[in-house]
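According to TrEMBL, the protein has these features:
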type	residues	note
TRANSMEM	63-85	transmembrane segment
TRANSMEM	126-150	transmembrane segment
TRANSMEM	162-185	transmembrane segment
TRANSMEM	214-232	transmembrane segment
TRANSMEM	262-282	transmembrane segment
TRANSMEM	336-362	transmembrane segment
TRANSMEM	382-406	transmembrane segment
COMPBIAS	417-429	compositional bias 'Basic and acidic residues'
REGION	417-438	region 'Disordered'
TRANSMEM	571-589	transmembrane segment
């Protein structure tokens, strides 16, 4: 392939081998002369040949590259394992429907399989979590160290383009490992949901823990800045021209960016900026709390937000009166957001990130070795001391696995022993209740409330205004009368509401069964006879009571002369919403949960 470009003479192999002499050409009269290779610097770039490339086994040796790639690959597998088996238990629910689907169809079967194999998935997830953290800290420091060393040689002009590209590739794998670990940390431990006890854990707010997070964010930001600059340097338009990998990387500084290298640079920088930007923000506990409390409810949904349980209609009036086009736009945005904010998308994206790094290091090493003399290539491929050390250092994180497993096993046995002791001290009835108790209130409420509220029918604007401002319910157990044309509109709405109520009554029963012992939940149910007692029986029983009974909705002729009776639909709506809001308020403000 012909060598082209402004600096083609430097990229051509115009040097004497094995003598340390390189050819130069006088641009005035085209007379060639020789200089010593050690005298070459970037002032000669363009009219003197770049020296032959020397081996750098400390940078591009097989052992070094294997250590970095293997660490990133193990972290990838461990992260997937940790999230699959450790994010489905009762205390680690999610508000993202895509993640809920993944956990239902992938995580839950995997956990069931482990249970059948007499393995504790939560214990295994904790051990995997410790391994990911160990690999993360190791790679964070290593990646920053290799970037600092590479930058030093870059500005000194002592590192070739090939070896600088390998430095960038290795730092890419380090960042990949660290991004995986940050996903695990924020997903497994540091939750800021109002319904999650970790938010109220004082250990997360002590100074040493906050300093550790700040130090991690500082190192992350430093690594990002250095790596982004390295990617920017690699955008030189002629960097992949034959012979350029042999030249010092410093000589391309200031030269124009363009072509495929510039496009690749943009893709790399966007990918880096996106993943690291999200993870740095997610590492800030204060930022995530602000997002959860003040931003998410306005842009995405109002899950985990506080409400006034004495005025449930006020929560839904804004939704009922919302413009239809705007509501559809928000739904579309919410769908896109759920995808990009999901753990599934992050894992898939980081897998692509890892694959991209594999392709880059393979291509760069192939091009670099094509520019090397055979003896230099053999030296770089040989396993010497500098390459064996990083391989054996990989043993250190795995040595901690045994200590981690022992520590978490002891804690798990102590927890189980404590539960058995409590059973021994309980009476027969209390013991049976403990053994057969339902899942935690927190997990059930978090799982079912989103699908209840998302599917709630939309009340017509005029009916919503009437119910919110005009209707007077002095006795919740009796039917007030709605007069005028609103009766017909309400009757139409009542049919869809009745279908919604029947479809989700099992969800309300599940919440009641899991949360009936939470203080304040039982008092939310209506007291009285007639429709009140029927509603209480329907929510608290194992099956429907008088299915299809009740008036089902308002009555009216739709012409302004008829009367409307909201019937049981109005009563059920008020009290189901009140039950939902009460649970949400109790769980978010007090962090109370069953079990």
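Cβ coordinates come from backbone N, Cα and C, glycine included.
The list of residues near the transmembrane segment (336-362) in space but at least 6 beyond its ends in sequence, with Cβ under 8 angstroms from a Cβ of it, reads 65, 69, 72-73, 76, 79-80, 83, 87, 94, 96-99, 102, 166, 169-170, 172-173, 176, 179-180, 183, 187, 271, 275, 278, 299-300.
Counting Cβ pairs under 8 Å to the transmembrane segment (262-282), the stretch among 63-85, 126-150, 162-185, 214-232, 382-406 with the most such contacts is 214-232. Long-range contacts of the transmembrane segment (126-150) within its own chain (CB-CB distance under 8 A, at least 6 residues past either end) are made by residues 71-72, 74-75, 78-79, 81-82, 86, 159, 164, 167-168, 170-171, 173-175, 177-178, 180-182, 184-185, 188-189, 216, 219-220, 222-223, 226-227, 230, 396-398, 400-401, 404-405, 408.
Cβ atoms under 8 Å from those of the transmembrane segment (382-406) belong to residues 57-58, 61-64, 66-68, 70-71, 123, 126-127, 130-131, 134-135, 138 of the same chain, restricted to positions at least 6 beyond its ends.
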